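Per TrEMBL, the features are:
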type	residues	note
TRANSMEM	12-32	transmembrane segment
TRANSMEM	44-63	transmembrane segment
TRANSMEM	75-92	transmembrane segment
TRANSMEM	98-123	transmembrane segment
TRANSMEM	135-158	transmembrane segment
TRANSMEM	164-184	transmembrane segment
TRANSMEM	218-238	transmembrane segment
TRANSMEM	250-270	transmembrane segment
TRANSMEM	277-297	transmembrane segment
TRANSMEM	303-327	transmembrane segment
TRANSMEM	339-357	transmembrane segment
TRANSMEM	377-395	transmembrane segment
Amino acid sequence: MKKSYQSSMVGLNLSNQIVSITITGDFMILFMSQILSFSDLQNSWLITMLPIIALVRIPLSYLMRRKNLLDLMRWSILSKLCLLGILVVIPYESVTFSIYALFLILYQIAVELGFGLAWNPLILLLTEEKVRAKFLSYLGLFQLVTSFYTLLISFFIGKELTALHYRWLLVIALASLFMQFILLKQLQTDYSLFQNHQVTRRMDWQVLKKQLWHHVRILLLDSLILYVTLTMNVLYMVQVLHLSANLVSLYSSMSLLGNVLAFALAGPCFEKRRSTFFTILLVVTGCEILLIFFLPHDAVSYTIFWSIGWGLLNGAVGALWGLYISLVKHQAASPSPFTIWNIYQGIAYLVSVLVFYLSGNLVHLASSSSGLDPYRLVLIACLSICILVCLRMLYKRKTGLK
């Protein structure tokens, strides 16, 4: 990958994260609760709605399969600029639940048209397999920048988000979108490189069907790991273990630090030793889940040192599992990345909603159960299936079986 392309991709990723935090991230929840005064039920409905809208990328991946990836990104940015411009000037007193829901639907469709459809095919085009893990880990390191941005903004806002605060956040998001236009210009010199040549002819549905069936196994592993790496999520800590806000906050910070350290230390050599890292991850995850199964339920047993150690471990394991799954998905999608990747990702969004819903319900059951903890029992079951799937994949990789 050319250095200019690499810096452009990093800049695009960073600016996209800033926009996402403002419109569909933490600040969106504050905006809905403190400015628009939506109820908890309305907030939950809108948050759940977003990944479901992302399913629009499945028909979009077919309709846009002959378009240039840079054009898709550009159309998406223009659409988001228009929507954010409206949100900056509109009086928030007139924004009803229906109007804001419509705004989020249009915004999410614009996201799927650009970053949703084009981002991963862009990475496939611009990176070779031997350096892809290094580049993905390099992107992961910039989570630290966005976290610092969130922390800085939180300090500036104080106790409550006001309409003026949110308008300033929207102005920053608009500036980030303009920056994306500039960064896309740097990729414009090789415009023909980003054309979807592999799908300009008639689509081979038999090949597509075969590749999607192969992705079912990856989706199973992806879903299991998503649930397993949730492990001691914040909801479980608060409702079941009754930990203090300080310990939970410290755990979250250390988890982020574990993410960054894992990307920095293991990312550059991950691809060369993928099987070794895969085996280590499997063993460490197994030990982690077994430890969780035997952890006490009383908050007195948990200290600052536990939050630091567990946060670092869980953050590092989650980051490396995410890197491994990303590499497997990129490799499997490489024959026709645009169509395969986006159909897979659309289905994966829906599955992730079900996983989070299951996790939340199990936490609720665990908080009201005086006997066996159903949350931990399902963790053990998921881990067992995960180990079987992983061992099968490892065996196939070593033997070369399909």
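Every residue gets a Cβ built from N, Cα and C, even glycine.
Contact between the transmembrane segment (164-184) and the transmembrane segment (12-32) is supported by 3 or more Cβ pairs under 8 Å, counting only residues 6 or more apart in sequence. Distant neighbours of the transmembrane segment (75-92): 19, 23, 35-36, 103, 106-107, 109-111, 113-115, 118, 163, 167, 170-171, 173-174, 177-178, 180-181, 184; these residues of the same chain sit at least 6 beyond its ends, with a Cβ under 8 Å from one of its Cβ atoms. Distant neighbours of the transmembrane segment (12-32): 38, 42-43, 46-47, 50, 73, 80, 84, 100, 104, 107-108, 111, 115, 139, 142-143, 145-146, 149-150, 153, 161, 166, 169-170, 172-173, 176-177, 179-180, 183-184; these residues of the same chain sit at least 6 beyond its ends, with a Cβ under 8 Å from one of its Cβ atoms.
The list of residues near the transmembrane segment (135-158) in space but at least 6 beyond its ends in sequence, with Cβ under 8 angstroms from a Cβ of it, reads 1, 6, 9-10, 13-14, 17-18, 21, 26-27, 123, 127, 165, 169, 256, 259-260, 263-264, 266-268, 270, 319, 322-323, 326-327.
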